[in-house]
Amino acid sequence: MTAPWAALALLWGSLCAGSGRGEAETRECIYYNANWELERTNQSGLERCEGEQDKRLHCYASWRNSSGTIELVKKGCWLDDFNCYDRQECVATEENPQVYFCCCEGNFCNERFTHLPEPGGPEVTYEPPPTAPTLLTVLAYSLLPIGGLSLIVLLAFWMYRHRKPPYGHVDIHEVRQCQRWAGRRDGCADSFKPLPFQDPGPPPPSPLVGLKPLQLLEIKARGRFGCVWKAQLMNDFVAVKIFPLQDKQSWQSEREIFSTPGMKHENLLQFIAAEKRGSNLEVELWLITAFHDKGSLTDYLKGNIITWNELCHVAETMSRGLSYLHEDVPWCRGEGHKPSIAHRDFKSKNVLLKSDLTAVLADFGLAVRFEPGKPPGDTHGQVGTRRYMAPEVLEGAINFQRDAFLRIDMYAMGLVLWELVSRCKAADGPVDEYMLPFEEEIGQHPSLEELQEVVVHKKMRPTIKDHWLKHPGLAQLCVTIEECWDHDAEARLSAGCVEERVSLIRRSVNGTTSDCLVSLVTSVTNVDLLPKESSI
């Protein structure tokens with residue numbers, strides 16, 4: 001009876017020992033960049049790999065094969081990817097890709113690379129000579145497949161639970177979570193509509209991404225239409241916004257807005273590419289943009305109190321971005337006509353911050369263009385986030401003209417400016433914890449009826465604290481805020497006027513103080529604000 005158990009123990013030990021071998025330490029890789037002049041890097045050399053302590057490092061190579069001529073594209077270090085585990089040689093196995101890619105483990109293992117497509121024919125099985133089977137042989141041949149299969153299942157489950165998706169793949173479980181999240185958002189009930197399954201069509205070409213490995217790293221946000229990932233594109237971080245297929249219309253709308261002539265601006269989110277990934281029912285639609293590590297203005301204000309100069313910088317660059325978005329530019333930098341665009345979901349969550357706190361406008365999924373001689377497209381009235389909806393939107397009494405939509409954006413800007421002031425330490429008084437507009441009045445999840453009662457019927461607005469008005473700059477800014485969220489839409493300021501006012505207020509205050517606390521109320525009148533004739 002001991003022989004079977006001894007054989008089983010021997011077999012299991014050999015399997016475990018085999019799994020412990022093969023992991024080669026990767027410290028350095030061969031480096032090469034065919035686009036070194038354009039990207040301002042070295043052309044070739046050695047690259048030292050750096051990563052997290054519990055992550056594995058690899059080397060990779062990518063190349064083209066044009067009629068038998070090998071054209072090297074990239075070589076270097078590659079992050080933790082289970083497709084590269086225990087590969088001592090750099091071998092590409094795809095049949096006929098546009099760009100070949102291989103990865104391996106071990107120092108300088110990418111010095112040599114090769115293409116070896118997986119064989120399509122049946123495997124050749126070794127048949128031992130017909131001998132009388134012994135008990136040990138029967139046990140070995142019976143338990144070997146079972147043990148190997150068990151190890152594979154356990155390893156696959158562990159990888160699924162602990163590893164990030166490799167290049168070109170997305171965790172479907174995460175995507176379904178995004179879809180469920182999108183259906184529960186604080187917005188209009190009709191903002192999440194399933195669409196019939198159909199191919200969204202080819203996205204515009206994105207050669208920048210097509211030639212470079214893209215690796216998803218972690219989910220940074222869940223929004224109206226899906227998830228936003230932090231990803232790595234070679235040595236740069238990018239943001240990847242992933243839409244499920246039923247939100248194809250939002251993906252197409254945002255892609256079209258980004259593709260509009262003149263959309264390259266320092267205060268608008270930089271667009272990199274739009275792509276379709278997957279097939280059949282697992283199709284995903286990707287928007288790839290610049291990544292900003294400080295995140296949204298909402299997140300930043302939750303964790304940080306800001307100075308007077310920081311407030312002015314964010315407010316000025318934010319209003320500059322919205323002013324440019326609203327502007328109609330007949331001939332923009334040789335790109336063609338840039339039409340006026342209304343954002344329609346302006347809020348602090350959709351304002352991102354660069355490292356120097358320069359504001360960048362994002363999320364153009366609900367934006368609408370106003371081109372001469374063309375209908376503006378879907379101008380459904382009640383869209384956006386409820387608590388930022390203007391009174392006329394809550395009432396359903398919108399004039400479907402360009403200026404009406406721009407004034408709706410300006411009401412929301414007034415609320416975002418209030419959020420900035422509420423977290424500024426310039427005034428001589430306490431700085432409260434961060435709160436969303438109307439959170440103090442009607443909580444974190446207001447209904448449409450509650451907002452109609454507070455905003456439309458009672459004409460209430462977020463509270464302006466008395467001690468804010470004792471600082472000359474904040475007092476003038478509060479006047480500007482009140483003129484942005486005016487109940488009369490036609491009386492609201494334009495984004496360009498807000499930008500000019502903030503600049504003027506900052507210069508006037510900083511001309512006499514250096515971000516210090518000023519308590520003279522009379523000094524508020526020292527600077528004349530721009531007249532309301534500057535409104536839209």
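One is the number of the first residue shown, and numbering goes on along the chain from there.
Each Cβ is built from the backbone N, Cα and C atoms, and glycine gets one as well.
When you go through ASN65, ASN510 in Swiss-Prot, the residue listed as N-linked glycosylation site is ASN65. Of all the recorded positions listed here (ASN42, ASN65, VAL228), the one with the fewest other CB atoms within 10 A of its own CB is ASN42.
Counting Cβ atoms from all protein chains shown, GLY226 (ATP binding site) has 26 others lying within 10 Å of its own Cβ.
Distance from the CA of ASN42 (N-linked glycosylation site) to the CA of LYS220 (ATP binding site) is 32 Å. If you draw a 10 Å sphere around the CB of ARG222 (ATP binding site), it holds 17 other CB atoms from the protein chains shown.
A gap of 23 Å separates the Cα atoms of ASN65 (N-linked glycosylation site) and ASN42 (N-linked glycosylation site).
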